[in-house]
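According to TrEMBL:
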DOMAIN    107-232  domain 'Phosphatidic acid phosphatase type 2/haloperoxidase'
TRANSMEM  28-47  transmembrane segment
TRANSMEM  67-100  transmembrane segment
TRANSMEM  107-129  transmembrane segment
TRANSMEM  149-166  transmembrane segment
TRANSMEM  186-211  transmembrane segment
Amino acid sequence: MNVMNTLNASNDVLGNLRRRAARPAIRLLLIATLAVLIAVVPLGLILKHSASDYTAEMAMLAEIRRAPTWLVAASQGIATVYAPLVMGPVMAVLVGALLWQSRNMRAAVCAALVAALPLAVTFAVKLIVRRNRPATPLGALAHDPSFPSGHVATAVALSALLLVIMHMRASARAAHGVESSSRGQWAAKILIVILVLLPFVVAVSRLILGVHYPTDVLTSLVLGSLISASAYCLSAPEDVMQVA
């Protein structure tokens, strides 16, 4: 009986995934994500061995690194805050808080996947490609691979996680007939804009410090966003998807 229940549950999950993947918007998202996943390692290897790309990207970094001293100091602060070893535990606490508050294991699993998958893929690509850091003073100090940016991937994961938690809480309130005040709705919209912009701020800060090439941060922005969005669309509870 337990085996049959497990098989039935597995069939339900697979059926639900197929139904979601059949939706046109989600299908396009999954195709785009798969295409980027297939291309990211070859792209990284091409960039790693391209002398012309190296020259062009180093020229861009030379221009960006003329930033004012206060921007450099701010970028160093951002680097500390958004370090994967700092934000990883923070995101784990956020997922745990979601589980404790909602008592919904599927919602917590969805949130965990949204945050963890882009980081896992990013660091796997780093280990495969092993692109050296830029030949800048701070870039030379960083010994881990450059492509893609782990800090930017962390920023994308954190923003995606917070957006998902916000949406799940809004869905729960809507299910109970609770409406947000106009002030609350405006605050939510402002917070959404901030969360969307933060990964771009982190990306620019990495270039100001000279610890990443422009293609490192751009790849992390695209790759992380697609993976988080796909993870959400495939794993979010059905009641949340209906509100989306």
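From the backbone N, Cα and C atoms, a Cβ is placed for every residue, glycine too.
Automated prediction, rather than curation, is the source of TrEMBL annotations.
Residues belonging to the domain 'Phosphatidic acid phosphatase type 2/haloperoxidase' (107-232) score a mean pLDDT of 91 in the model.
Helix, strand and coil content of the domain 'Phosphatidic acid phosphatase type 2/haloperoxidase' (107-232), in residues and according to DSSP, is 99 helix, 0 strand, 27 coil. Same-chain neighbours of the transmembrane segment (149-166): 78-79, 82-84, 87-88, 90-91, 94-95, 98, 110-111, 114-116, 118-119, 122-123, 126, 188, 191-192, 195-196, 198-199, 201-203, 205-206, 212, 216-217, 219-221, 223-225, 228-229, 232, 236, counting only residues six or more beyond its ends whose CB sits under 8 Å from a CB of the stretch. Sequence-distant neighbours of the transmembrane segment (107-129) (same chain, 6+ residues past either end, Cβ-Cβ under 8 Å): 37, 40-41, 44-45, 48, 84, 88, 91, 94-96, 98-99, 144-150, 153-154, 156-158, 160-161, 164-165, 168, 220, 223-225, 227-228, 231-232, 235-237, 240.
Residues of the same chain lying 6 or more positions beyond the ends of the transmembrane segment (67-100) and with a Cβ under 8 Å from any Cβ of it are 107-108, 111-112, 115-116, 119, 150-151, 153-155, 157-158, 161-162, 165, 168, 201-202, 204-206, 208-209, 211.
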